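These come from TrEMBL:
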| type | residues | note |
| --- | --- | --- |
| TRANSMEM | 25-42 | transmembrane segment |
| BINDING | Gly33, Ala35, Val36, Asn40, Ser217, Asn249, Leu366, Ser370 | Na(+) binding site |
| TRANSMEM | 54-80 | transmembrane segment |
| TRANSMEM | 132-151 | transmembrane segment |
| TRANSMEM | 163-186 | transmembrane segment |
| TRANSMEM | 206-231 | transmembrane segment |
| TRANSMEM | 243-264 | transmembrane segment |
| TRANSMEM | 355-375 | transmembrane segment |
| TRANSMEM | 396-415 | transmembrane segment |
| TRANSMEM | 427-450 | transmembrane segment |
| TRANSMEM | 471-493 | transmembrane segment |
| TRANSMEM | 520-546 | transmembrane segment |
Amino acid sequence: MALAPGPDLLGDGSGDERPKWDNKLQYLLSCVGFAVGLGNIWRFPYLCQTYGGGLGCFTVSSLIGIYYNTVLTWVLWYLLNSFQNPLPWSACPPDRNLTGFVEECQRSSSVSYFWYRQTLNVTADINDSGSIQWQLLVCLVASWAIVYLCIIRGIETTGKAIYFTALFPYLVLTIFLIRGLTLPGATEGLTYLFTPKMQILQNPRVWLDAATQIFFSLSLGFGGHIAFSSYNPPRNNCKKDAVTIALVNSMTSLYAAIIVFSVLGFKAANDHGRCLDRNILSLINAFDFPDQSISRDDYAAVLAHLNVTQPERVAGLGLESCHLEDFLDKSASGTGLAFIVFTEAILHMPGAPGWAVLFFGMLFTLGLSSMFGNMEAVITPLLDMGVMPRWVPKEVLTGVACLSCFLASIHFTLHSGNYWLEVFDRYAASLNLVIFAFLEVVGIVYIYGMNRFCDDVAWMTGRRPSLYWRVTWKVVSPLLLLTIFVAYIALLARAPPSYRAWNPQYDQFPTQQENVYPGWVQVTCMLLSFLPVLLVPAVALAQLLVRHRRKKKAALQDMHLKPQDSGAC
């Protein structure tokens with residue numbers, strides 16, 4: 001007996017006018033470009049280092065992604081204007097009536113100063129919003145203009161751009177891999193990456209972070225994969241596509257981690273060497289040794305001898321603790337890894353400006369390809385629902401969507417914009433995406449029906465899903481998502497929400513000051529955490545009311561059309 005697809009899930013065949021992918025590679029690259037994003041480059045390596053080795057969410061992801069692209073545009077502009085000169089973060093500014101700023105740079109580092117002061121010009125408190133920074137605003141306009149031009153006609157234009165935006169990062173990663181493996185200290189960095197600390201695996205937070213990392217890394221719950229898949233032929237091996245995209249995404253994270261740790265190993269080796277040099281200089285000055293009489297290799301033996309023969313004098317020198325693993329343990333995530341730690345490593349590489357352009361260009365294209373999926377996730381449903389009349393060109397709807405997101409993201413260009421980015425990143429996406437994914441799984445398996453869904457998959461692929469897939473969809477996935485949700489709520493409830501501020505007046509500067517969010521920001525965090533989810537029952541209620549009204553209207557029409565009994569004469 002032939003199996004027919006469920007009409008509610010696969011459509012009624014009226015979508016013949018929909019655009020199609022030119023080839024299967026376009027679709028796979030678009031999904032890979034959407035899934036493989038900035039998190040694969042800076043969050044996955046950070047977790048390895050730390051542990052030893054919907055519409056609302058669409059808007060949030062779009063704003064966050066375009067914010068990073070805005071900053072990257074600004075940094076690239078800096079690079080291109082100083083390509084023949086030292087990198088703009090290579091040294092502190094000269095003291096020209098900028099005493100406070102110079103002191104801020106000298107107390108931290110030239111890289112941190114460039115990021116927090118010259119690029120973001122961040123305030124010391126989220127209550128101090130500051131004004132709009134024109135340079136970031138111009139870059140924001142440029143970023144959204146590029147996004148609009150790439151998605152102006154949907155997959156007809158993104159399908160062409162994706163060849164570059166999805167493949168260029170792999171080219172750059174490969175170049176960095178070859179260069180990174182030849183750097184001194186790369187072996188130590190990779191050894192650190194692949195040496196597990198078994199005791200840390202007993203920490204439940206490790207498993208929670210691992211589960212959430214793979215969840216968000218695949219860009220689940222945003223709707224981009226569903227939008228891209230809707231342009232495939234109905235009979236398509238969707239299971240093979242899903243497994244392929246998941247494997248490519250995971251392997252990319254591992255590939256990027258190898259590159260990041262080879263470069264971080266190089267940076268750690270440099271920092272370790274400079275630490276030894278400072279201690280060696282202290283020993284030479286204190287004990288009147290001849291210049292260059294102590295090498296780095298001899299330092300440990302000389303220090304051990306002096307600790308035995310003259311321990312009091314050695315103790316009074318205040319020597320630094322120079323252990324390579326301590327430098328490898330210095331973790332950084334997100335912008336800290338990309339704009340501070342990694343850029344500090346690039347400073348010490350020959351041809352630093354060229355490597356910097358490649359690195360930030362790669363980050364820009366990663367953000368751009370992710371934006372294609374974010375925007376398609378909202379534009380495709382709006383087109384399918386007929387929100388705008390058919391005579392309105394698609395370019396207009398795309399322009400309205402981009403303009404709306406641009407206006408909503410202007411506040412990120414304030415002096416306090418980086419703090420608001422953290423608010424949106426931490427509270428607007430995480431919980432909502434988990435809930436959306438949970439509702440999707442429950443809706444398909446328990447409301448639409450497992451048997452109907454398996455019939456649809458069999459019609460599309462020619463084979464019914466195995467017992468593994470059915471158990472995963474029906475039991476494992478809902479329980480895992482529910483566990484992640486409960487764990488997230490428990491972690492949020494443990495302490496009031498806080499943020500780290502860059503405050504030059506802080507006693508422990510350049511350590512960032514831990515501040516609790518003011519009350520009005522905490523209310524904003526709560527609204528961002530749950531308002532997008534409330535759209536689900538709101539839309540469901542609206543659909544029920546519309547359906548009830550239609551039934552009532554149809555019943556009234558039937559009553560008027562029913563012939564009246566004329567009676568007997």
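Note that the numbers count up from 1, one per residue, in the order the chain is shown.
Each residue, glycine too, has its Cβ placed from N, Cα and C.
Worth saying up front: this structure is predicted, and the values here are computed from it rather than measured.
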Extra residues within 8 Å (Cβ to Cβ centroid of Gly33, Ala35, Val36, Asn40, Ser217, Asn249, Leu366, Ser370), Na(+): Val32, Phe34, Gly37, Gly39, Ser219, Thr252, Ser369
Most crowded position, judged by CB atoms within 10 A, among Asn40, Ser217, Asn249, Ser370 as binding-site residues: Ser370
Set of same-chain residues at least 6 away whose C-beta sits under 8 angstroms from Gly33 (Na(+) binding site): Ile162, Thr165, Ala166, Ser369, Ser370, Phe372, Gly373
Selection from 25-42, 206-231, 396-415, 520-546, the stretch that has most Cβ pairs under 8 A to the transmembrane segment (243-264): 25-42
Remote residues contacting the transmembrane segment (206-231) - C-beta distance under 8 A, at least 6 residues beyond either end: 15, 18-21, 27, 30-31, 34-35, 37, 39-40, 43-44, 47, 50-51, 54, 57-58, 61, 155, 200, 238, 241, 245-246, 249-250, 253, 370, 372-374, 376-381, 384, 429-430, 432-434, 436-437, 440, 480, 483-484, 487-488, 491
For Leu366 (Na(+) binding site), the number of other Cβ atoms found within 10 Å of its own Cβ: 27
Cβ packing number for Val36 (Na(+) binding site), 10 Å threshold: 28
Stretch of maximal Cβ-Cβ contact with the transmembrane segment (132-151) [cut-off: under 8 Å; candidates 25-42, 396-415, 471-493, 520-546]: 396-415
Contacting positions for the transmembrane segment (25-42) when only residues 6+ beyond its ends and CB under 8 Å are counted: 65, 68, 155, 158-159, 162-163, 165-167, 169, 213, 216-219, 224-225, 228-229, 231-232, 241, 244-245, 248-249, 252-253, 256, 260, 333-335, 337-338, 362-363, 366-367, 369-370, 372-374
